[in-house]
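Here's the structure, in structure tokens; my notes come after.
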């Protein structure tokens, strides 16, 4: 055993030693190695290491309160939230309304409730700079509010200011259904961009041109009446009601314009003069304007015996859009030559010419809220809705819709308009003017939405397409009245969830 111990000691002395600089960190905390502590006589310095503190002091200098906390939403955020809530269907906006109410309660508890009631009630007197939220954000208040002695005994989970906010009135959330409430079959409804085969009268009767016939559908009784049947070699190419809704004008493929009395289903007269089909019609009192594929516009006065009293020449291709202004002072016409022309009552040549569209102009609509405000839409190559001021002869704004614009119609109750589209999305879009933000996008037709008519109360629209269906949509609110009741359900729901 003595020999073995000697051999083992010789091997141990002959083995190389590991330097202290590369010794393992046995402690695991970045301290002095054990080998150094075991040999206090060694003079080699320990390696320098970074000192890490366990205290973190945040800096709000580069923080984005808008993105991280949304305590002070700007106008774009509010507009986007309002548009998102408006597009929810069948109660889909209830969740967003609850989030908005919760945000109001949160700001009330953290920052105080001053000014929130006015903001909730759409008080337009004060701007964003005058909001108490901005003045009190991350600042000490100069005076402390009076203490409520009964606060510890209150059964409400929120303070008195928030309770007052809960009791404040809120406007009801507007909901637009994304599905039509009624669908009617329309066999043989032509898939032709240049025709106008649907119109809704002031007496709540819908006229539809199907092949050689015109049918009337009463929205009050749902009764269908066959008004007329043309010759087998002819077709209905346009229909238009008078302002009072008692007579209907029917344009034919042969170039004639017929006038019918709807109540008696009686033919009144036929006015000729066009050499090709009459694709568009528009009434202004006793004056009826007709646009044809022969590139002309004829003015018919139903009180005189002559078939027409004036012929307007200005387009170089088929006239596919006609619309009189609500005051009867101006007539807008659109053609397949990509031109939008404006005529007055006594002119034989256009007083305004707009050449900005690069496709056929069929969709034309005058605003009922502002005199001289005209909207027009272009075809497949254009896809734009353009706005014009005919009093100053100036272009106002342009919106690219992404699809062929087939029709336009303004609401009489609110400053909004609806557009129907063809290639390639076949959608129906409700726009808020003048921001042109989308209120709702409706789909359902499988082909181009070529026809559009507005109900007498300006709340419902009917759309027609080459898929041979008529679809009815509730999209616009009713007329505003002073007796509208406020809705506080969303705030009360939030309060109940907090409890």
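Cβ coordinates are placed from backbone N, Cα and C, and glycine is handled just like the others.
Taken from TrEMBL, the feature region 'Disordered' applies to 1-96 (among others).
Annotation comment: TrEMBL describes 32-46 (among others) as compositional bias 'Low complexity'.
The annotation compositional bias 'Low complexity' is assigned in TrEMBL to 79-89 (among others).
Per TrEMBL, the feature region 'Disordered' maps to 144-169 (among others).
Taken from TrEMBL, the feature domain 'CDC20/Fizzy WD40' covers 184-473.
Note on the repeat 'WD' (312-353): DSSP counts are 0 helix, 21 strand, 21 coil. The repeat 'WD' feature in TrEMBL is assigned to 312-353 (among others).
Summarising the annotation, TrEMBL assigns repeat 'WD' to 442-475 (among others). Residues 176-193, 195-204, 206, 208, 219, 245, 404, 406-409, 411-413, 418, 420-423, 425-430 of the same chain sit 6 or more residues outside the repeat 'WD' (442-475) yet have a Cβ under 8 Å from a Cβ within it.
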Looking only at the repeat 'WD' (442-475), how are its residues distributed among DSSP helix, strand and coil? 0 helix, 19 strand, 15 coil
